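Take a look at the structure set out below.
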Amino acid sequence: MAREMRLGGKERMKTGVVKIGLVAALGVVGLISAGGVYAGQPRVISTIQTGATWEPLGREEPLTVPEVHFRVKHSPFKSELVRYGQFQFNDAAWSLQGSYSCASCHYERGQTTGLIWDLGDEGWGSWKNTKYIRGGRYLPPFRHEGFTGHPDEIVGATSSLDRVCGRDPGFVFRSENFSPMRLEALICYIRALEFTGSPFRNADGSLTEAQKRGQKIFEDPKVGCLECHPGDPMDPRALFSDAQTHDVGTGRVGVNGFRSTPGKVFNISALEAGEDPYGVESNTPIIGLDLVKEFDTPTLRDIYASGTYFHDGGARTLMDTINNTVNDKDMHGRTSHLKQQELQDLVEYLKAL
């Protein structure tokens, strides 16, 4: 099944709306005729492959990059649409007072600043780590909580992107919603972002000796990494995720109640008094991520470049994700019995993915 976005007739863009600088930036000079951009008969400018309602794969089925997940077929405008999406991704004009763009957080073509944000969309105090979105089209859902499923939910008026980045002064302060064309172009650009590949392997792509030792630890059933992150490091299509949500001990509401080190919550009275609004520790959960214990299993591809880690950015380094200093003991892999050198070898293997 394919959904086609067409421009033409009543939907075509008039030349008076398009600024010369934007046209030049998009590389679409020459596509403009006397009637408008893409004037004349409707033309297919994007074809997105869709299917039945997306369902998480079973753990016995390693998740891999689909052979054909997204493609623009028989379209002379693919590159222009992606480049227009890149313009939108880096353009702050659509936000309130031009304060920031997508690239402000997902900089350098979809990578992450590693910063943690409290955007207030799920209750003050719901810290969220900036997600690494390269290769994101291969691995829904698109939020830490796993609330969105099908890859194409990210497209459309009720999509996760339009909802998460919607016309809401409590989130990214966008002054208006994206038009269908702008949203489609943005999605095409995001879908075009591929994994970078690890620079930590040998020159021929093979694993170093430390990485080989780390692989044995990673695949050891006693450690359990493969239970949630299945994949072969020599398979370029492997994603190292079971596409499920799990409780790895990072939620504030733990198995036996509150965690021993609950986070700081927003205090409006302190803010009004000119004090640090997050200066007070509290055992009282609030709406949003504080009431969630299970979070989406991320891909381990490009994991070296996607820190900080966990949904709240609680782990600054890869070592912090496995040495039981951030999450509850042995809830994120069973690593408490490993020696320091074994932990370091495991980190080296992760950096190779």
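Just so you know, glycine gets a Cβ as well, placed from its N, Cα and C.
The structure displayed is predicted, hence computed values, not measured ones.
What Swiss-Prot says about this one:
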BINDING   Asn129, Ser306, Gly307, Thr308  Ca(2+) 2 binding site
BINDING   Cys225, Cys228, His229, His332  heme c 2 binding site
DOMAIN    209-353  domain 'Cytochrome c'
SIGNAL    1-39  signal peptide
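The structure, with features from Swiss-Prot marked on it.
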{"residue": "Asn129", "record": "Ca(2+) 2 binding site", "DSSP (3 states)": "strand"}
{"residue": "Cys225", "record": "heme c 2 binding site", "DSSP (3 states)": "helix"}
{"residue": "Ser306", "record": "Ca(2+) 2 binding site", "DSSP (3 states)": "coil"}
{"residue": "His332", "record": "heme c 2 binding site", "DSSP (3 states)": "coil"}
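Residue pair Cys228 (heme c 2 binding site) / Ser306 (Ca(2+) 2 binding site) shows a Cα separation of 18 Å.
One way to see the shell of the heme c 2 site is to take the Cβ centroid of Cys225, Cys228, His229, His332; the remaining same-chain residues with a Cβ within 8 Å of it are Gly224, Leu226, Glu227, Val248, Thr297, Gly333. Ranking the binding-site residues Cys225, Cys228 by the number of CB atoms within 10 A of their own CB puts Cys225 at the top. Note: the Cα of Ser306 (Ca(2+) 2 binding site) and the Cα of His229 (heme c 2 binding site) are spaced 16 Å from each other. Here His332 (heme c 2 binding site) comes close to Val248, Gly249, Thr250, Thr321, Ile322, Asn324: these same-chain residues lie at least six apart in sequence, with C-beta atoms under 8 angstroms from its C-beta.
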